[in-house]
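Scroll down for the structure; my scribbles are underneath it.
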Amino acid sequence: MNANPKFLSADAHVDEAAVAPLPNSRKVYVTGSRPDIRVPMREISQADTPDSFGGEKNPPVFVYDTSGPYSDPEARIDIRAGLPALRQAWIEERGDTEALTGLSSDFGRERAADTATADLRFQGLHRTPRRAIAGKNVSQMHYARKGIITPEMEYIAIRENQRRAEYLESLKTSGPNGEKLAAMMGRQHPGQAFGASAFGPNGLTEITPEFVREEVARGRAIIPNNINHPESEPMIIGRNFLVKVNANIGNSAVTSSIGEEVDKMTWAIRWGGDTVMDLSTGKHIHETREWIIRNSPVPIGTVPIYQALEKVNGKAEDLTWEIFRDTLIEQAEQGVDYFTIHAGVRLQYVPLTAKRMTGIVSRGGSIMAKWCLAHHKESFLYEHFEDICEIMKAYDVAFSLGDGLRPGSIYDANDEAQLGELKTLGELTQIAWKHDVQTMIEGPGHVPMQLIKENMDLQLEWCDEAPFYTLGPLTTDIAPGYDHITSGIGAAMIGWFGTAMLCYVTPKEHLGLPNKDDVKTGIITYKLAAHAADLAKGHPGAQVRDNALSKARFEFRWEDQFNLGLDPDKAREFHDETLPKDSAKVAHFCSMCGPHFCSMKITQDVREFAAQQGVTDDEALKKGMEVKSIEFMKKGAEIYQRQ
């Protein structure tokens, strides 16, 4: 098989590093209106405030959790069996789907009968694929437009709120100053949301199931949940919700095995990946994808043209609509939740890329551009777009309309080719919505900071507020090896301006296929960017975690500082490099300033002085300055004293 020949289905096992709970964290479930709506969250426990700081209780903080059952010690994890079919009952009870007697795609049947791949295949699936009954539409958008609040929508509303109201209520009972503490910890700076309706002075204080339904019906948000991926935990992508992060994984012709890609998926979701795209281009794409989907609690996206190209031995000009259609059905019946489809690469735009510094950098875009030139006609993706919609709504696969002409350098940013394609994607969005097919739009790419908002504004206008999903953008081209940072800058900005999901970039971008460590670095960097965007927009409750960590920092609760952070392991590692002893975990200083120059310790000294003198903090500062002034004059009023 791939470069690593060791993977066999019988020996498959979970990555042990991905199943241990994070420090001082436990998985909790919030039940909805019915017992089978159990929404997972991560509860981070905190130590009490030391008596010297007031001695109050610090209740647990709840955070969004994408890790699925993997971080639940009560769950039995066996990747050979896959995850439980969480949504199966919801799908079946709607009565608009049917279980097929077998696979519909020619390629799927061919692979199932191939004895050469039998030892690689996932053997744990004991159900056949489902499809909409003839004449039915099973998309979440279709239900939303009919006024139906699905269990998925209720699940999402609970998940987005992160038990914020319960946390603030628990603060009120934490001690005699509970009401004051709740007001302080719940305080949040007003955001600038650039027109996003959920935020601002008249915005929401919490997300409701009805609001979720309205946003999906409007096309401003999508719920990527294929009916053949019932293992997935419902989530939402839209500018009026928490900014999400996607992680790209996948093998290539020269590296990685099925086992490694499953490990990358479990590692990505441990650190906060909201969706995962399998971009495999090497051998056994079908089998790799099956293992990933069956073991993924988050939506899985793909670029179907990659696999279609493999079926014609890499010759783009030999691609046909029939081959591509069969590939869509094959992947839809496996359970892929969203497809990147480069239907906006039109023949008329291809010559516009000749003036670029870096030409066409999208793999999918270059494949379709080559096909258009070879046949001198519009691509079969564009010509058959409504046929594709018919497939999508039969399985509830969402469109991720690909930016095949995205700029690959800041030199090419916002050029005619890029913006022409974006306008076409807006036109295709209207066609998809006519079929009630959920749709998001992919965006750049490499864009300098001053041009980022123009990208967002044009997308909102031309694509009628369909969710934007961007790769970065990278804000400079001078830092190979650090493109998670060059792109994280742009990601935070465009997330603030309205992008709904950010596609991570790892340190290996432009250099090689990322390993597990690179995946973690990319995810953490992009969770940081997404959270910064949520804060800037004024997402209700976004600042709760910041406030909790800042309070822990001021009270020298080191363990709580580590555990409330995005990467507790890294924070603890850095601290322990210079102060490894357990006693340092309760010290009132760190190695940066030492015991005598810690600004927070000095502030505490001022407060203690104020309490002793019976004055306010401001009065204490003034009084302390007067004492020092007298002392200074007595020593001769010299700035530098001889010792």
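Note that Cβ sites are derived from N, Cα and C of the backbone, with glycine treated the same way.
Because the structure is a prediction, the values reported are computed rather than measured.
Counting only residues at least six positions away in the same chain, the Cβ atoms of Ile237, Asn246, Ser400, Met440, Ile441, Glu442, Gly443, Thr499, Ala500, Met501, Leu502, Cys503 sit under 8 Å from the Cβ of Tyr469 (substrate binding site). According to Swiss-Prot, the substrate binding site annotation covers Asn248, Met277, Tyr306, His342, Ser362, Arg363, Gly364, Asp403, Gly404, Leu405, Arg406, Glu442, Tyr469, on the basis of sequence analysis.
Among the features that Swiss-Prot reports, Zn(2+) binding site is placed at His446, His510. There are 26 other CB atoms within 10 A of the CB of His446 (Zn(2+) binding site), with all protein chains counted.
Annotated [4Fe-4S] cluster binding site per Swiss-Prot: Cys590, Cys593, Cys598, in sequence order.
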Where His510 (Zn(2+) binding site) and Ser362 (substrate binding site) are concerned, what is their Cα separation in Å, rounded?
12
Taking each of the binding-site residues Arg406, His510 in turn and counting other Cβ atoms within 10 Å of its Cβ, which one has the fewest?
His510
Please state whether DSSP places Gly364 (substrate binding site) in a helix, a strand or coil.
helix
Cα within 10 Å of His446 (Zn(2+) binding site) - qualifying binding-site residues among Ser362, Gly404, Arg406:
Arg406
Site diameter for substrate, Å, by largest Cα distance between Asn248, Met277, Tyr306, His342, Ser362, Arg363, Gly364, Asp403, Gly404, Leu405, Arg406, Glu442, Tyr469:
20
Taking the Cβ of Gly364 (substrate binding site) as the reference point, list residues of the same chain whose Cβ is under 8 angstroms away and which are at least six residues distant in sequence.
Val303, Ile305, Tyr306, Thr340, His342, Val345, Gly402, Gly404
Does DSSP put Gly404 (substrate binding site) in a helix, in a strand, or in coil?
coil
Those residues of the chain, 6+ apart, with a Cβ under 8 Å from that of Asn248 (substrate binding site)
Val276, Met277, Leu279, Cys503, Tyr504, Pro514
Who sits close to Ser362 (substrate binding site): which same-chain residues at least 6 apart have their Cβ under 8 Å from its Cβ?
His342, Gly402, Asp403, Gly404, Leu405, Arg406
